[in-house]
């Protein structure tokens, strides 16, 4: 796979039965970094298990199992190339914490592929189905580019009437959420049979649109914020024998280089970067979008952990916060949310309880106009301005300064009850600890 193509991160969203896994598996299978030997091995195993029909989803299941078992993910397995771009699938659907991952992970997505099934569309698109929630989330979290794959066209005899019906429904909803649907390709596909995935299908002469691969090639490459100061939320911290402490994470903004002094917030620990590695290769620098491990001097694995943020000690270093003000949209909370409510907030890689200190205003979701000052309570469907206080040290940023560190999910009762975008942050003046 060539190094010269622009990289784009793709998140695949949609209901459980939409055929996301098969569709994603098909792309990776046809265009991806899985070598023929591995594919033959998977095919042999899947036919031995009588799963021959599921070979694309099977590819994905095997990858998922490997991803869940092992620490090191062979990222190449999750990549595929279109004529124009190099795509990485950054979250495989069907994961228990998918919505949480979408928020902490969608910060990483440049494009969302929304897969809707032609066979059981009504169920997937009902109030209870996840399709609407995923689309709203993608928009709230700043993913502005989308492709809609109307999948399983083989189950409705490739009928135009069915495509049109689903198109109208999804198009209407996406407009309501805030998407400019003129720019969204709607593609008629079968991830299982392969229609309009890579090659144009001859079964839908009425369909004048693009294949999925052509649609992927019409997306705009992301503008990577290299000119902003460094922000790198830690996904994990490893202790590697003979090397030392190695934090791992994705560069969100700025650049990280060996020799640089980095500060980890909220702890205020500062140290020197010895080396930066990606896919087991040393790099002279890493830029936004790169998933890297970097080796740091004299820092114990006890000093830093997942959810901390690495930043340049000499250029707007990150700090912990006293509190932050956010616009919060309540998605599905069974009751009423009042001042004092203290759910878990997932922001970038951090997972910390935060208190709704003051709900200062209820607002209109679309226009942002204030509807009511200091409301007594908010409930599902409401948008509000809330001052939030972390109950443990936390580093977040305003969405306008550092977008990936300025959006979050509110989790309670094992589900995402709200999402938020941070307007402003009261920072703690850190007492720095030099290492």
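In case you wondered, yes, glycine gets a Cβ from its N, Cα and C as well.
According to Swiss-Prot, the protein carries these features:
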BINDING   14-21, 91-95, 151-154  GTP binding site
DOMAIN    5-226  domain 'tr-type G'
REGION    14-21  region 'G1'
REGION    70-74  region 'G2'
REGION    91-94  region 'G3'
REGION    151-154  region 'G4'
Give residue numbers and ranges for long-range contacts of the region 'G4' (151-154): same chain, 6 or more residues beyond its ends, CB-CB under 8 A.
18-19, 23, 115-119, 162-163, 188-193, 195-196, 203-204
Neighbour tally for residue 153 (GTP binding site), based on other Cβ positions within 10 Å of its Cβ:
30
Within the region 'G3' (91-94), what mean pLDDT does the predicted structure show?
51
What count of other C-beta atoms do you get within 10 angstroms of the C-beta of residue 14 (GTP binding site), across all chains shown?
27
Counts of helix, strand and coil residues, the region 'G4' (151-154), according to DSSP:
2 helix, 1 strand, 1 coil
For the region 'G1' (14-21), give the DSSP counts of helix residues, strand residues and coil residues.
2 helix, 0 strand, 6 coil
Whose Cβ, among the binding-site residues 17, 20, has more other Cβ atoms within 10 Å than any of the rest?
20
